[in-house]
Amino acid sequence: MADLFVLALAIALPFLAAVFAPLLYRLLGETVGYVGAVVAAVCFALLLTQVGAEGTVSTPWIPSMDVAFRFTVDAFGLLFALLASGIGILIFAYAREYMHGKPDLGRFYMALLAFMGSILGVALAADLVALFLFWELTSVCSFVLIGYYTDDAESRYSARMAMVITVGGGLCLLVGILLIAVGAESVGLAPFDLAAILANRGAVADAMRAQGVFLPALALVAVAAAAKSAQVPLYVWLPGAMVAPTPVSAFLHSATMVKVGVYALGRLRPLFHGPEWMALVATLGMVTMTVGALLAVLATDIKELLAYSTASHLGLMVAAFGFESHYGAEAGAFHLFNHALFKATLFLVAGIVAHEAGTRAIDDLGGLREDLPITAGITVLAALSMAGIPPFNGFYSKEILFEAAWEAAVHGGGLLWLYPATAVFASVFTVLYSLRFLWLFFGPRPDGLGPVHRAPLGLLAPPAVLAVAVAAVSVVPGVAIDLLVDDAASATAVSHVEIHAGIPTSLSGPVVMSAITIAVGVAAFPFYDRIRASLERVRAATTLVHPTVGYDALLSATDRASGLVGRSVHNGLIRTYVWWVLLSACVLTVAGYATATTGLPTPAVAETPVALVLVLAVAVVAAVAVTTADSHVTGVLTLGILGFMVAIFYILASGADLALTQLVVETLLLLIFLLVLEELPAYYGEIDLLRAARDGALSVAVGATAFVSVLYAAPDGAGAPTPTASFFTNNAIPEGGGANIVNVILTDFRAFDTLGESIVIVLAALSVLVLLTMRDRGETQ
Amino acid sequence: MSLLALAPMLAVLLTGTAALLVRGWPRLQRGVSVLGTLGYAGAVGSLCWQVVSGGAVVYQVGGWRAPFGITLVADALSAFMLALTAIVAVYAVVFSVRFIDDRNQRVYYHPMFQFLLLGATGALLTGDLFNLFVWFEVMLMASYVFVAFYGNAQHTAAAVRYVVLNIIGGVLMLLGIGGLYATTGTLNMADMARVLADPGGVTGAVVGLSALIFVTFALKAGLVPFQFWVPSAYRAAPLPVVAVFAGATKKVGIYAIIRLYFTVFGNADLSVAVPGADAGSSIGFLAPVLVLMGVASILVGGLGAVTRDSLDELFAYSSIGQIGFIAVPIGIAAASTGSLRHLGVLAALVFAFHHAVTKGLLFLSTGVIRDAVGTTRLSRLGGLADSSPAFASVMLVGGLSLVGIPPLAGFFGKLFVFDAASRRFAVAAAGTETTAGAAAILLVLVVGAVLTILYSTRAWMGAFWGGQTEAVVRGRIDPVEVALLSTFAAVVLASGVGFEPIVQFADAAADAALDTDGYVDLVLGGERS
């Protein structure tokens, strides 16, 4: 049975160590790298105790949302977690030597440790929200680590690109998760309980299909995995990530973080299993496998070569998990394991080469076996494994992929034969670039290459340990398979799984595929430079595959749009702002009337005295005159006429208090206006006819909207006074002690309003003082 | 017990007045202001405790029974919004003491700060429509002064734009309130809800009239196309006040939309035929409006933020976009009934909480930079992480929360908003409706979130990574400010890690927002029986 304490400790320990990493660095200096190795070793040991255990444990996090820290122990999760912590030990030890003398190591180890905790969380999480939590944290750590050399513009560019793509992909995962939760909830499961969802995968999948969210969820999960695991066309961040220090590249960007997407596909494979899954995921993987391999051949830098190769191998794993047959599960899980071993080795080798030879340019390197004999030996094992040459472990898993592709084609026929064909095509290039990497050691030594030092033990030991692991799995694959890999593949499969690893003894389709791959690859290797040159011509002709074109286009498009929003939308002109605000207000209000009413109301027209008509007519004339006034002063005076007419209207409508207020306000306004106008230029400029027409139309619309609103609101004159009105009338004298109802309302019934308005007046007074005091002061002394 | 509903307003009113009285003693004035704000937070805290544990509190001002006098109503929705206002206010006022020039603090800064809070608090607590207008005015009047506070041309211009647009809003609001009063015969919101729910008691005109008021709320919240004032006003006002603007007063607009349209109009006996909205929804009219405005805000705000040079302007645009993330789920709620309506409101509240603390932290962090370097222009910043790794981490927490990285506060905001949109999609996909609309909403949310990543990374990396500019080399980051903000960052982290109480509170607030009958009983219950 899984042990919650052990699992929680294994995940929490790296985070805890990360918190103290800056402090430890201050105390211990660079030795803190070994502390990291110890932490990784403890995690590895803790996880080893769980081998053979099964089950899910949980501790609540947000009970009202049914979100918990659920952890599942099964072979697939353990395989991934053991790989991460095991390789972690070697990476930390290697980093101690490699990062010697580099700045900011506190931050470096903090991020690296937090990353390890996150990746263990991803591997063990059995709750969709918790999985997402750790998934995103790996992206953040990756961002910090890619941007390690913060002064370098390329580092910053690559860090941001990685963040945008992986976290952007995370958004798709989020929506995917939420759609899965919809399905889970409808069959009565806790919405985010991944273990329960997988245990009831048939019911959940059916429910998702019934609700029409199955395909969207599938597509979103695939996009998220593609972003994280560097699939076409989202792979572009991975080569950029190579600006990070080599231990980071080896750990995050080959062995673990980039496998998170693949891992998630493997995890969710049983839920989404079916023809749609294969059509999308297997195709995605195959395309990436091919594009990655081609670009690896084109690479001019050893880390770049390895980066594209990583993308290609990730494509292989994605394709494997995409195939419907049990071979798919086997190839995916087994290659995940094998690739982590040989690719981490090769990255560490690349680090040694760069460190000792002082360059990473492929064309400047060669003949290194003389200077770095042990490294050369290590490279032979790892590179041949990467190439898929028997009897190395990379061959075993790739052979199973060939079986999966072959099986799919035999089963489906027709276009599906493209799968095995593509697999062979891509693998030929895999052989090519693997041999090219090996050639760094065995090819001729270029004249320009300076002296190359022996690698120190601290750098040599970690890849050596990994190479031994590669050799061990190659010679006795059965041990690893029986221990974990077979069961791991079962967790991603819907049918029985049994991995056979070994040299094929009988002729079959997949065996022929392997034979063709190796034969063509080896035969073509002498023409490597010519192949590269012709590929280069293709690349030059098709800018689309150039890594950062899409991302740069996104950046420049958003930049352009941003400039537009800044300049054109917010142009600083009050006129524009007011125009849009008034127009929107009118549209909204009129739309409101239109949706909920039928026709305009016809208010009961009381008898209108002639005086009232006259007053309103004068007001209208004044309003028109304001718009044609030829100077500020005339305009203000005319506006005054309008105001005074309104005051007279109040008198005629028996609103004496209102009229008094209006008169005071009008008089004051007139005075203030005249005082201010002294300071303004005398005339407006001319406005063009179009704008005048537009503004006029809007004015009419505003007036009409207000008019219609008043029409709707006007009492029909038939009803009795409202309860509120009656209450005020009846209680003004007995309760409020005043005969003027308006006054009693202002000072008693609704005195709270008056308090607020008094504060407004205080604030107005303060605002005058502030404006006067601050007018020549500004922000600082 | 009912006096508790008055306590927060009383606390700020007294503090504001006291700060005015002691303005001759600047140190004392600052002390009064800080202590008074802490007292306000205490009052809000005990009110929240009372509301959560003992139920909502009603206070009839002046002893005039509802619906004739003015009622203060502190239910879970008001309490929730008050809580986030109080958090931001405390940090903003303490930060002000350190950040604002001593001489400038003496120019009525503290009294006005308190009156700004008073306006926001009154608007969140009042149960009377006209009284809401009054507290809006108080809030606006104080904010006008703050936008113009620094008194240079740029600040004055921003203030004029802000004043002009808000006066238009005020006029429209008055017109709408007058119309609603004329049609329903009451200003008390609970009473209005009762009248509206009466079968046949009301005409469809209230939909249009309420749209007039809606414009004011949208203007306050800064939703497109009413967002024009936001960028320049946020650049002009002192940064601690901007933290309150973005964190708290914008949310008052959101609160008013939820309170009025869900609590008051939600049960109205109206048939509104709007495509895309559930037929049973009397506020279906609002659904397409809010969704469209939300979507436009997300795009305008997100795109606008991408290339802004100064951090305060960048975050101002970001605020426009983030308010869009709040408007969209409210629109989804308006289009739906039952649990999805509840989820939509809950999502908006959770996101509002996140945005209050996260954006509060980010604007105050911008203040630290301004204080240290003298500018917030990214073109003149760089390498601040070398000066203060601690401060870099504080602002990283803010940036990551804005992006929605778990387990920070922002993650749950994002989770809930996407959840509401996903479920809307699932409803459409399961039924006969077309899924295009729901899918488009989801797409815009994703695009908006990607834009957030783009501008957050640009802002943070531009300030903290890269070589140090001359201005940065000369500047000195104030450790006291950083220490203060690191506790704020801890709040952002803690409210994500310990999200359970927050989601429970928000859930209660959403319940309160949707429980029209409960609200009516609460305010009028005793009087009617």
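Any Cβ shown, glycine's included, is placed from N, Cα and C.
Where the annotation comes from TrEMBL, it is an automatic prediction and has not been curated.
Per TrEMBL, these features apply:
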- A:61-109: domain 'NADH-Ubiquinone oxidoreductase (complex I) chain 5 N-terminal' (DOMAIN)
- A:125-410: domain 'NADH:quinone oxidoreductase/Mrp antiporter transmembrane' (DOMAIN)
- A:618-681: domain 'MrpA C-terminal/MbhD' (DOMAIN)
- A:691-773: domain 'MrpA C-terminal/MbhE' (DOMAIN)
- A:32-53: transmembrane segment (TRANSMEM)
- A:107-126: transmembrane segment (TRANSMEM)
- A:132-150: transmembrane segment (TRANSMEM)
- A:162-184: transmembrane segment (TRANSMEM)
- A:234-257: transmembrane segment (TRANSMEM)
- A:277-298: transmembrane segment (TRANSMEM)
- A:463-485: transmembrane segment (TRANSMEM)
- A:505-528: transmembrane segment (TRANSMEM)
- A:577-596: transmembrane segment (TRANSMEM)
- A:608-626: transmembrane segment (TRANSMEM)
- A:633-653: transmembrane segment (TRANSMEM)
- A:697-714: transmembrane segment (TRANSMEM)
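Averaged across the domain 'MrpA C-terminal/MbhE' (A:691-773), pLDDT in this predicted model comes to 90.
Across the domain 'NADH-Ubiquinone oxidoreductase (complex I) chain 5 N-terminal' (A:61-109), the DSSP tally of helix, strand and coil residues reads 32 helix, 9 strand, 8 coil. Sequence-remote contacts of a segment are chain residues at least 6 beyond its ends whose Cβ falls under 8 Å from one of its Cβ atoms, and for the transmembrane segment (A:633-653) they are 609, 611-612, 615-616, 618-619, 622-623, 625-626, 659, 662-663, 665-666, 669-670, 673-674, 677.
If one looks beyond the transmembrane segment (A:697-714) by at least 6 residues along the same chain, the residues whose Cβ comes under 8 Å of a Cβ in the stretch are 579, 582-583, 585-586, 589-590, 593, 597, 600-601, 603. Within the chain, the transmembrane segment (A:608-626) has long-range Cβ neighbours (under 8 A, six or more residues past its boundaries) at 635, 638-639, 641-642, 645-646, 648-649, 652-653. When the domain 'MrpA C-terminal/MbhD' (A:618-681) is classified with DSSP, helix, strand and coil residues number 54 helix, 0 strand, 10 coil. For the domain 'MrpA C-terminal/MbhE' (A:691-773), the number of residues in each DSSP class (helix H, G, I; strand E, B; coil) is 64 helix, 0 strand, 19 coil.
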